[in-house]
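Under the heading Zn(2+) binding site, Swiss-Prot lists 9, 12, 27, 31, citing sequence analysis as support. What Swiss-Prot lists as compositional bias 'Basic and acidic residues' is 43-52. For 43-62, the entry in Swiss-Prot reads region 'Disordered'.
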């Protein structure tokens, strides 16, 4: 059984094949670079309370 596995690109939602795709899980280099740019700009965040600002001292520093 040689079923072709297809997935949706996480960026543009276009159907793409998994096997033989050098940009997987993305459909193209463009979508891969858009996602990388979002990571670099800290566009992906976990929801929650903002972390307190550090005063430059780490716990245990005396």
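Quick reminder: no glycine exception, Cβ is built from N, Cα and C everywhere.
The Cβ centroid of 9, 12, 27, 31 marks the Zn(2+) site; residues of that chain outside this set whose Cβ lies within 8 Å of it are 10, 11, 13, 14, 16, 26, 28, 30, given in sequence order. Residue density at residue 12 (Zn(2+) binding site): 13 other Cβ atoms are found within 10 A of its Cβ, drawing on all protein chains shown. Residue 9 (Zn(2+) binding site) falls outside any helix or strand according to DSSP and counts as coil.
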